[in-house]
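> Feature list, courtesy of TrEMBL:
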BINDING   G14, G16, K17, T18, V19, R111, K150  ATP binding site
REGION    34-57  region 'NMPbind'
REGION    110-120  region 'LID'
Amino acid sequence: MRTSPNVIITGTPGVGKTVHCEQLAQETGLQHLSINQVAKDRGCYDTYDNELQSWVVDEDKLLDAVEDEVLQGGYLIDWHACDLFPKSWIDLVVVLRCSSTSVHYDRLATRDYNQTKLQENLDAEIFGILLEEAREAFDEEIVVELNSEKDDDVESNCARISSWVESWKRDRANKRD
Ligand code: DAT
């Protein structure tokens, strides 16, 4: 049984997954598992999508690559998709949102994205695609939507997630006693 939870931090590119995970790793001691990095380091890429300027991940390879670690518990899983992870691995799914399209645009404009990729990401955020995917893949009570527009949001979101992690650990410890 895990003694530390696994938390998915998901959302459209540019919503703030990396900044949240870095701060949360410090606050909670959970480990930041950047799936982009894992896929790159462990050769989980399949093909390259020229139009979207991105590598397509082989999901089976990726799950095999992280399974042993994630099953130990204590990971912040940082990726734009969440519905591939088995339900039994995951204790909380945080979907970050950027409710201002102009703020989101400004963040993505600093990246080297072509017009198709930029627009696709802005649209995905406007339509809440990743929130919908998370709600379809996991039980509704473990899916939390949090806004990430200002610095203050990062602080309050991380405080909220950290306190959830602490109470999850306390509950688990009590169950073991
Ligand atoms: P992601 O990992 O989801 O692609 P990121 O963490 O790299 O996103 O954030 C993209 C940029 O936006 C980065 O410069 C940090 C900034 N940012 C994200 N969330 C923010 C927030 N709530 N307040 C201020 N800046 C934020």
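Just so it is clear, glycine is given a Cβ too, placed from its N, Cα and C backbone atoms.
Annotations in TrEMBL come from automatic prediction, not curation.
The model shown is predicted, which means the values in this text are computed figures rather than measured ones.
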> Given a Cβ distance threshold of under 8 angstroms, which distant residues of the chain, six or more beyond its ends, lie next to the region 'NMPbind' (34-57)?
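Same-chain contacts beyond the ends: 18, 21, 65-66, 77-79, 113-114, 116-117, 120.
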> List every residue in the same chain as G16 (ATP binding site), at least 6 positions away in sequence, whose Cβ is under 8 Å from its Cβ.
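L96, C98, S148, D153, V154 - these are the non-local Cβ neighbours of G16 (ATP binding site), listed in sequence order.
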> Grab the same-chain neighbours of the region 'LID' (110-120) for me: Cβ-Cβ under 8 Å, and only residues 6 or more beyond its ends, written as numbers and ranges.
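For the region 'LID' (110-120), the far contacts come to 13-14, 51-54.
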> In the region 'NMPbind' (34-57), how many residues does DSSP put in helix, strand and coil?
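Counting residues per DSSP class in the region 'NMPbind' (34-57), I get 7 helix, 10 strand, 7 coil.
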> Of all the binding-site residues given, K17, R111, K150, which residue's CB has the most CB neighbours within 10 A?
K17
> Which state, by DSSP, holds K17 (ATP binding site): helix, strand or coil?
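K17 (ATP binding site) sits in a helix per DSSP.
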> Just report the maximum Cα pair distance in Å for the recorded ATP binders G14, G16, K17, T18, V19, R111, K150, no decimals.
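Greatest Cα separation within the listed binding residues comes to 19 Å.
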> Tally of helix, strand and coil residues over the region 'LID' (110-120) according to DSSP?
6 helix, 0 strand, 5 coil
> Filter the candidate list T18, R111, K150 of binding-site residues, keeping only entries whose CB is under 6 Å from an atom of ligand 1.
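Once distances to ligand 1 are taken from each Cβ, T18, K150 fall under 6 Å.
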> Taking the Cβ of V19 (ATP binding site) as reference, which residues of that chain separated by at least 6 in sequence fall under 8 Å from it?
V154
> Taking only the residues in the region 'NMPbind' (34-57), give me the average pLDDT of this model.
92
> So among the binding-site residues G14, T18, who's got the most Cβ atoms within 10 Å?
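Its Cβ has the most other Cβ atoms within 10 Å: G14.
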